[in-house]
Each structure stands twice: as structure tokens, then as C-alpha cells.
Amino acid sequence: MDKRILEGFAAEFIIRLLLFGIFLISETMHPFERVIQPEEMWLYRNPYVVSDRIPTNSMFLISFLTPLSVVALARLFWKADGTDSREAGLAASLSLALNGIFTNTVKLIVGRPRPDFLFRCFPDGQESPGLHCTGDPELVIEGRKSFPSGHSSFAFAGLGFTALYLAGKLRCFSPCGRGHSWRLCASLIPLLCAIAIALSRTCDYKHHWQDVVVGAFIGLFFAFLCYRQYYPSLVERDCHQPYRNKGRMSGAQERKLSTPGYSLDV
């Protein structure tokens, strides 16, 4: 690997470590304690579900490992080179890191109670005057981090990126790839999984529907933003190649054109 490329990759890796560090710090911070009005109490009286359909650890594994697995499969079946794998890994990791920071920042500022907040606050169901919680302090703090849904945003940041990467590799929207329904269906599978993960949070009474919808938009936004930082538009003919590959090819062509005695075939 070229020394300049290696140094650039090291810098990108350090940036992601810093971003993930900021995300982990934000996980430990306390959210704004929003006042709950009597007329909105019904929104937060849903039962507290101990066993989630998709636990947080499983969500992180799916969101992080799915893009990496698809990138590895692309190298195996589509003969993608090391540059493509590196660029895809950088794009996916940036999407997830930025998504985590922005999602947690909004959570901490808004401080919206979860649908099961009152049962976190009062496990015995007996509400005290002034809403002085008697439940586990950690559960109560987490109960004020409803908006937006982290499960939803991370699922769409990771699986949304995977869908874009697949669409590019299969050239679903480029002139040479349109008209093949199996390509489109294959690229939509990750999005279907992301939707299932997001909706499971409403079934577990961990999020309101607005939390899930906004979380999905945040995740998709960063998935698209980071994908386009490294890959061209899906409607371009060479959408399956990262910008760095295109730049390397252009540089090689320029060197050939500048070689004495070289003639361009028309």
C-alpha cells in the first residue's frame, strides 16, 4: 500500500476512534428532565417489558456486522478489490459513528419519557406526589431517552448503508442494471430488516412511533451522506466503484497520455 494512502487511512481510523469515544461519553450523560403534565400521563403508562424482542447488544451487532459481512461477500463474489473494501469500511463506520453522536445529542436535549416511563419510575404502580421516582435510578434515567429511537437510527445507519452498497454493486439504477427485479429486491432486504428492528421498539413499549420515524430519518440521512462521500451516484455507470478507484484510474490514464510517443486510440 502506498505510504500516502496508509497515512490517510490511519488518520481516518483515528477520527473514527475519537467519534466513537464521544458517543460512549454521551451514553453516560443525564438527559433533560422534562415536566410531565397530568393530561399526558396516559402516554407513559404502558407496561415495562424486561426482555426486548431485539436487545441492544443484538442491534449493535446487526448494525455493525451486516455492512462488514456484505463488503466481505462483495470481495468474494464480485471480485471487489482492497480499495473498495477499505472505502466501504470507512464509509459505514463514519455513518454509524456520526449517527450515534447526533442521536444521543438529541436524546439528551429533548429528554422525552418512554412509553413505559411511569412503570420505571414507580415499579409498584403507586404514583407519588410530584413524581418523585422510587424505581431503579438507571432505569429512570434511560426512561427519559425516548426521542429519537437509537435502535431505529442505528439500524438504518448500518443497514441503510448496506442497502446503498448493494444497490451500487448490483447497479440497480445504472443504465446497464435496470430492468432486473432480483437486483432491486436484494438491495431492499437490509431496509426491510431495519424496519423490523425499528418497529419492534414500539411493540416493546420502549418508543413512541414518532421516535422511530425520526430515528429512521436520522439513520438514513447519515447512511446516504457517508455513502456519497466515498461512492458516486447510483445512477452513474460506474456506481459500483469508489471515488478513489476512479481517481486512481484517471491518474494512470493521465500518466499514459503524458508519456512520449504514446498515441490515443480513437
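The first residue you see is number 1, and the count goes up from there.
A Cβ is built for glycine as well, from the same backbone N, Cα and C atoms used for every other residue.
For the ranges 107-115, 125-133, 134-142, 233-241, the feature annotated in Swiss-Prot as region 'Phosphatase sequence motif I' maps to 107-115. Membrane sidedness, as given by the topological domains in Swiss-Prot, differs between Ala88 and Cys203.
Taken through DSSP, the region 'Phosphatase sequence motif I' (107-115) splits into 4 helix, 0 strand, 5 coil.
Using a Cβ-Cβ cut-off under 8 Å and counting only residues 6 or more beyond its ends in the same chain, the transmembrane segment (5-25) has close neighbours at 86, 90, 93-94, 97-98, 100-101, 104. Counting only same-chain residues at least 6 apart in sequence, those with a Cβ under 8 Å from the Cβ of His151 (active site, proton donors) are Ile54, Thr56, Met59, Ile197, Ala198, Ser200, Arg201, Lys206, His207, Gly215.
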